[in-house]
Amino acid sequence: MLKYLIFLAILISVVHSNGYMTIRLKSAFPLNVTVEVAEEVYFPTNKRSFNLQLKPNRVGFVSNIPVKFGRPGLVLVDCSPVEKFQIHRVTLRSIRWNTHVRSVASDNIFLPFTGFRYDIKCNRYWHGLHCDHFCNDDFARTINRRCTQNGTLGCLEGFHGPNCELPVPADSCKCQNGGKCVSSLENTWAQNGSLICECRLGHFEGKHCEKKSFNYFPKIEATTYATKDSHLARQFYNNSRVPNELATLPRL
């Protein structure tokens, strides 16, 4: 009974999603930026707006933005005028973010921005593609267990069995594409779990991680509003595509 109560306390499957987004921006110019995050795409709902002042060549960010997982979303970034080039406004638009891709940062970005990325993370103790499975990692470690990527309870990596005392045989799961063979309990009262392949989230899926995941990476679009027939604005627009300086940063 005690073991059942302990398992029940650290592993609960619920229908609600728990996670947040962090957006980071960088520019060579001083900019006043408005960031808008909304659920859905064609008829956005639950909009949230944030104001951000960017200093030249410094990274600014908005963090702890609550998001609803399992649904597409929309990120809009509007910046103030860049008078030097007669640019009135530039809008970055990224649609259909999904938790299959936890970090979004394209290789290139559009001036006046020199860096743009956003990262999506589950809240503490929440797991799964939609952050909708609860498993207390800290408590799991106290009983020599771990929470799997999908939010189920299992043995520490490399072990399985009723007491997690047996080494995982090298050829047990036949995982492909960097997948790991780990133990997983099907429910809170299970005594002996099964061995499954834990795939690279957002990259591969399937029983053996043999299938490449669907490409959920959203397209980032830029729209420039400038003085009509401005030669400077045209030059700016034609040379506005630059390397994204935040593309290779680690997640927060």
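Cβ atoms are placed via backbone N, Cα and C, with glycine included.
Record features (Swiss-Prot):
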type	residues	note
SIGNAL	1-17	signal peptide
DOMAIN	120-164	domain 'DSL'
DISULFID	CYS122-CYS131	disulfide bond
DISULFID	CYS135-CYS147	disulfide bond
DISULFID	CYS155-CYS164	disulfide bond
DOMAIN	169-210	domain 'EGF-like'
DISULFID	CYS173-CYS181	disulfide bond
DISULFID	CYS175-CYS197	disulfide bond
DISULFID	CYS199-CYS209	disulfide bond
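For CYS155 (disulfide bond), the disulfide-bonded residues whose C-alpha atoms fall inside a 10 Å radius of its own C-alpha are CYS147, out of CYS147, CYS175, CYS181, CYS199. Proximity to CYS209 (disulfide bond), judged by a C-alpha distance within 10 Å, picks out CYS175, CYS197 from the disulfide-bonded residues CYS122, CYS147, CYS164, CYS175, CYS197. Among the disulfide-bonded residues listed here, namely CYS135, CYS164, CYS173, CYS197, CYS199, CYS135 has its C-alpha nearest to that of CYS122 (disulfide bond). Checking the disulfide-bonded residues (CYS135, CYS164, CYS197) against CYS173 (disulfide bond) with a 10 Å Cα-Cα cut-off leaves CYS197. It is 13 Å from the Cα atom of CYS131 (disulfide bond) to that of CYS147 (disulfide bond). DSSP gives CYS197 (disulfide bond) a strand state. Packing around CYS199 (disulfide bond) is summarised by its Cβ count: 24 other Cβ atoms lie within 10 angstroms of its Cβ, all protein chains included. Checking each of the disulfide-bonded residues (CYS164, CYS197, CYS199) against CYS181 (disulfide bond), the C-alpha distance stays within 10 Å for CYS197, CYS199.
For the disulfide-bonded residues CYS135, CYS147, CYS164, CYS175, a Cα-Cα cutoff of 10 angstroms around CYS199 (disulfide bond) retains CYS175. Using a 10 Å radius centred on the Cβ of CYS122 (disulfide bond) and all shown protein chains, the other Cβ atoms total 22.
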